[in-house]
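This report refers to the structure that appears directly beneath it.
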Amino acid sequence: MPVAGGRIPDRDIAAIREKVRIEDVVGDYVQLRRAGADSLKGLCPFHDEKTPSFHVRPNHGHFHCFGCGEGGDVYAFIQKIEHVSFVEAVELLADKVGYTVTYTGSSTTNVQRDRGSRSRLLAANAAAAEFYAEALQSEEAAPARQYLTERNFDAAAAAKFGCGYAPSGWDKLTKHLLRKGFEFKELEAAGLSREGKRGPMDRFHRRLLWPIRVSSGETIGFGARRLFDDDPNQAKYVNTPETVLYKKSQVLFGLDLAKRDIAKGHQAVVVEGYTDVMAMHLAGVTTAVASCGTAFGEQHLSMLRRLMMDDNFFRGELIYVFDGDDAGRAAAVKAFEGEQNLSGQSFVAVAADGMDPCDLRLRSGDGALRDLVARRTPLFEFVIRSALAEHDLDSAEGRVAALRRCVPMLARIKDPTLRDEYARQLAGWVGWDNVAQVIGRVREEAKGGGRKDNNRRGQETAARPKPPPVQRPDPTDPTLWPQREALKAGLQYPALAGPVFDTLTVESFTHPGYGAVRTAMEAAGGTSAGITGAQWIETVREQTTSPAAANLVNELSVETINVEDDEKLPRYISSVLARLQEVWVGRQIAEVKSKLQRMSPVEQGDEYHALFGDLVAMESYRRSLLEQASGDDLTA
């Protein structure tokens with residue numbers, strides 16, 4: 001954990017971990033739902049899935065995905081989701097909870113300079129946003145304020161979205177930030193400044209600015225709008241270049257303001273510009289977002305899917321609001337032709353006269369935008385009808401050409417039921433009497449495309465060597481169920497599992513994976529060591545001898561224990577441990593019986609009778625364990 005001039009002490013790392021609620025941190029990226037006692041679940045942010053397999057255990061400070069295997073504590077989550085180092089993850093979370101990190105081996109004057117690069121870049125962007133917002137009130141910024149006023153955005157709206165102004169001059173922002181203690185290399189890395197012919201210079205000049213924020217509200221870049229005809233940069237909009245913070249394919253403008261309502265209403269509205277997002281929010285459509293400097297893509301879609309998740313199924317709506325021009329129709333077709341993880345719940349809203357949301361609000365008021373969203377059209381229907389509009393359906397030749405154009409488009413729909421339904425509608429729209437013929441052609445086209453896709457996937461799979469399989473127990477194996485539940489109890493509730501768990505031998509766990517976890521728990525001091533929560537899990541992880549065992553610790557530490565409420569946990573855990581003890585004693589009884597069968601009660605009388613007495617005692621003990629294990633709360 002070393003940094004340039006110092007090391008973060010373990011006490012600070014532990015203190016920050018205790019102050020941070022992992023469910024709050026993860027909740028900035030994933031919509032979480034209750035999944036049992038001390039368990040939350042959602043769609044995994046690290047791989048694409050339709051059924052939630054990502055679990056968070058708040059009281060233990062850990063997460064684990066049963067789909068891709070990712071897991072760990074809150075630091076591991078931030079490292080993975082933000083692509084940062086451990087030091088930067090610690091500093092990011094320290095900033096989040098207002099904790100001042102100290103550094104060993106570092107002088108006081110160098111502490112700030114030694115901070116992880118990500119924290120410094122975030123601080124630079126935050127300072128730049130303040131500078132630009134203040135500059136918007138200057139006399140020079142009158143054209144920028146006029147631009148906003150002409151679009152019916154008042155000062156409150158500008159403040160809500162953080163609007164600012166980049167002043168004229170060579171290096172006003174750069175000098176301001178250098179005076180605040182930042183280095184030029186940091187400003188360059190943040191995309192705020194660049195090296196010019198005459199030295200360091202600002203990236204943006206004489207433009208209206210919007211801060212681009214991540215879902216947690218931190219500024220990571222800016223979008224800038226051209227205001228003056230003599231601006232040498234002819235591009236209407238320019239954005240911060242790709243940086244450590246700003247990845248245009250992974251950010252949506254307005255998401256920090258929209259995420260709560262997107263999750264609550266299971267609906268997201270995708271528009272095409274900064275002013276469109278502002279117009280939508282001010283009109284009451286508070287789920288509006290926009291991509292920044294790039295087209296809306298797969299990673300944007302994945303971000304919204306995770307927010308719109310609801311329990312074990314997906315019921316969200318994604319509404320694209322496009323301009324009515326050719327570019328808007330092309331964008332709709334691109335959305336249709338892309339990955340259809342959401343296509344069945346995707347819609348398109350286009351104003352009758354092709355106006356964008358900002359202009360529509362200016363002309364017709366807030367209600368017009370709400371009506372626009374309410375009158376949305378299913379994406380499939382919009383794309384097909386747009387294609388049909390290019391053909392003369394009053395002629396036989398036009399109808400045939402329309403079918404030839406649209407049948408392959410419908411064949412791309414993955415849902416066979418939905419595909420057949422649109423084939424029926426296509427026949428009606430074209431005026432084709434033989435509906436069955438249209439459905440048949442679409443089905444045939446879909447099968448042909450599927451064979452091509454399968455062949456291509458097979459070739460790709462053959463070309464790539466398969467990674468070695470990870471040896472992990474089958475969580476659904478009923479014969480291993482007591483072992484799995486016992487380990488979950490020992491990891492998640494060591495105080496309740498207590499001394500009884502520690503009496504279980506490693507041999508009680510017949511699967512090598514479970515045995516490895518039990519060995520690590522014993523090496524960590526056992527459940528009676530007095531360590532709980534995230535510290536206990538991390539201590540056990542550190543004692544594992546393989547990545548597979550460490551991953552299994554993560555998995556078991558977050559997997560739900562199916563108990564209705566916490567009051568029933570002690571009884572359940574006691575029953576589970578008794579069941580596992582009973583299985584172990586049963587194996588011992590079998591060995592004793594086998595040994596007795598090989599002995600002669602005449603020739604080995606004393607030894608035989610002593611062993612027989614042990615058998616009677618063991619069977620009595622086994623019966624008591626069976627009674628203890630047969631609690632109402634215990635189900636295999």
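Placement of Cβ uses the backbone N, Cα and C atoms for every residue, glycine included.
Sequence-distant neighbours of Asp323 (Mg(2+) 1 binding site): residues of the same chain at least 6 apart with a C-beta under 8 Å from its C-beta are Glu272, Val350, Gly354, Met355, Asp356. Summarising the annotation, Swiss-Prot assigns Mg(2+) 1 binding site to Glu272, Asp323 and lists sequence analysis as the type of evidence.
Feature annotation from Swiss-Prot assigns Mg(2+) 2 binding site to Asp323, Asp325; the stated evidence is sequence analysis. Under the three-state DSSP scheme, Asp323 (Mg(2+) 1 binding site) falls in the coil class.
Annotated compositional bias 'Basic and acidic residues' per Swiss-Prot: 443-459, in sequence order.
Marked as domain 'Toprim' by Swiss-Prot on the basis of sequence analysis: 266-352. For the domain 'Toprim' (266-352), the model's average pLDDT works out to 79.
The feature region 'Disordered' is assigned by Swiss-Prot to 443-481.
The annotation zinc finger is assigned in Swiss-Prot to 44-68 on the grounds of sequence analysis. Helix first, then strand, then coil: DSSP counts for the zinc finger (44-68) stand at 3 helix, 8 strand, 14 coil.
Glu272 (Mg(2+) 1 binding site) has a Cβ environment of 21 other Cβ atoms inside 10 Å.
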